[in-house]
Structure formats: C-alpha cells, structure tokens
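Structure, as structure tokens:
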Amino acid sequence: MSERPAEACKQQEQKQEKDKQEDEQEGKETMMGARRRVLMKFTFVRHGETKANKERCIQGHTDIPLCESGEEQASRAGERLQDVVFSRVYASDLCRASATCRRILDKNTRHPPPIIIDKRLRERNFGSVEGLGFEEVLKLAEANGSSWPSYSPPGAETLGEVQARLVAFFKGEKPSGQPGQESAEANMEEENMRNEAKEKEATQKKPDEGVDEGGDGGGDGGGEAREHVLVVSHGAALRQLYTHLHRTLGCALPGTLGPDAPLRLTPNTGISQYTVSYSPKTYTLECVRIHDNAHTQGM
C-alpha cells in the first residue's frame with residue numbers, strides 16, 4: 001500500500017518536470033519568433049492629375065496621359081520620397097500611373113529598382129460611362145436606383161471585382177522566406193483585437209510628421225529586415241484596397257481620422273503608407289498615413 005503514494009508522487013514530479021520543459025521550450029520559441037519578425041513597408045501613390053481629372057470626367061481603363069500639373073505633382077511626390085530605399089516598385093500599365101512612377105523614381109537618390117508593370121493595379125473599368133462627366137454619371141446611378149460608387153454601369157467591374165484583384169496583389173507581396181498572407185490573414189482579426197490598445201498608442205501620430213525616409217524610423221522597429229514596396233495605382237482601385245485593409249482587416253487609422261477616411265478618394269499623388277510586421281504565425285498591420293498630399297500645397 002505504501003508503494004502507491006510513492007509511485008503517485010513520482011508521477012507527479014515527472015509531470016511537473018515535463019511541464020517545466022514545455023514552458024521553457026515555448027519561451028524559447030517565443031523569443032526566436034520575436035527575433036524572426038520581419039517588417040515590410042508599402043507606399044501607395046495615386047497617379048498625378050490628368051485633363052479628365054480637371055474636367056471631372058470618368059477615366060477608368062481609358063489611357064489618358066498626365067497633364068502639366070500632374071507631371072509637377074508627380075515630380076514633387078518624387079522629391080518627397082527621394083531618400084526612401086525601395087526594394088520593389090510596381091505601377092499600373094495605364095500611362096498616367098506608369099509616368100507618375102517614372103517621375104517619382106527620377107527624383108530618387110537611392111538607386112531604385114526597375115518598375116514592374118502589373119495590370120491588377122489598373123483603375124476600375126467603368127464600362128459604358130467612361131468619358132462621361134461625373135455629374136452625369138451620378139444622375140445615371142440615381143435613375144437606376146443606385147448610388148455612386150456602388151453603381152455598376154453596363155460593362156463595368158463591380159466594386160467586389162476591383163477589390164479582389166487589388167487584394168490579390170497585396171497578398172502576393174511578402175518578404176522572402178515568409179509564408180503567404182492568406183494563412184496569416186485568418187489570424188489577423190484576433191491578433192488586432194489582442195493588440196488594440198498597443199496599436200492605438202502606436203498610431204497616435206501627427207499626420208504631418210513627413211514620409212518615413214530610408215526605412216529606419218516609424219512603424220515597428222522590432223523587425224530583423226525591412227523591405228519597402230512602392231505601388232503607383234489609381235483612385236477608385238486604391239480606395240477598394242484601403243477599404244479591405246481597414247474595414248475587413250481592422251487596421252487602425254492614424255491620429256484623429258474618422259472611420260470613413262478609407263472610403264474617400266485619395267487626391268492625385270496622395271501618399272498612403274502601411275507597415276506589415278510578420279511573425280512566424282501571423283502579422284500585424286499599421287497605417288502610418290493615408291491620403292497625404294502635403295507636397296502639392298501651393299500648386
């Protein structure tokens with residue numbers, strides 16, 4: 001009878017030792033995971049102004065070049081981003097976006113890589129209303145029992161279709177050696193809820209702090225490596241991407257911006273910047289700035 005308590009005691013000691021070893025291993029994995037965190041930055045820029053922008057006409061897939069003021073806007077955006085080290089550069093194939101991207105890189109002092117043209121970054125296809133004035137399109141939307149921008153004219157892409165291709169592009173961009181964002185995104189909503197207080201504190205920044213230059217300041221400094229992706233796209237297309245990042249993924253907005261900020265059409269050459277902090281199982285997303293066109297002041 002006396003052997004049973006002794007045996008039970010021994011089993012309890014073995015269990016405690018096993019639990020201790022597992023806790024130590026988990027702690028090591030957590031520390032290793034923290035060291036493996038990788039920070040990636042995205043700078044999104046809308047193209048410069050065109051004649052159609054000035055006249056408030058719908059452009060869509062119609063290939064319209066920059067006007068003189070649009071060229072100046074693009075050059076000013078380039079001056080503002082001149083010291084940023086970009087590891088990848090993408091632009092829509094429409095000339096107003098690719099020309100804006102070239103002018104930005106012409107001002108860059110940090111030997112940027114060549115532009116990668118990606119059709120997924122195109123503006124929304126507006127179908128039968130391309131070339132029409134905005135006020136006329138609003139009347140057509142109302143006559144069809146809809147409102148702008150959810151109205152889908154004949155031959156146009158739906159908002160969901162535009163968002164799908166922009167999100168597919170974003171998910172495909174990740175640091176070398178990291179898992180796809182598809183698997184991490186499933187954990188992101190829960191991660192954001194756990195880190196809500198931390199994120200709010202981290203994003204209480206003045207909107208005029210200036211664009212982060214060179215990749216050493218701003219965002220989460222705990223990453224081992226940093227890549228910076230420049231993306232030049234279009235107003236309606238970027239609006240759908242920002243809606244996904246903030247409304248679907250729950251990314252907090254910087255400063256005192258209201259919840260509808262992502263739904264606004266970003267101004268020509270407006271700069272929006274995000275950081276993505278990857279860890280082995282998930283990632284966290286921070287909006288550093290959105291719709292920032294301070295470089296066009298005085299034009």
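From the backbone N, Cα and C atoms, a Cβ is placed for every residue, glycine too.
According to TrEMBL, the active site, tele-phosphohistidine intermediate annotation covers H47. What TrEMBL lists as active site, proton donor/acceptor is E123. Annotated substrate binding site per TrEMBL: R46, H47, G48, E49, T50, K51, A52, N53, R96, in sequence order. According to TrEMBL, the feature compositional bias 'Basic and acidic residues' maps to 1-21, 191-209. Annotation source TrEMBL lists region 'Disordered' at 1-33, 172-225.
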> For substrate, with binders R46, H47, G48, E49, T50, K51, A52, N53, R96, what's the maximum Cα separation in whole Å?
Replying inline: 15
> When the Cα of the residue listed as 'active site, proton donor/acceptor' is compared with the Cα of each of the binding-site residues R46, G48, A52, which one is closest?
Replying inline: R46
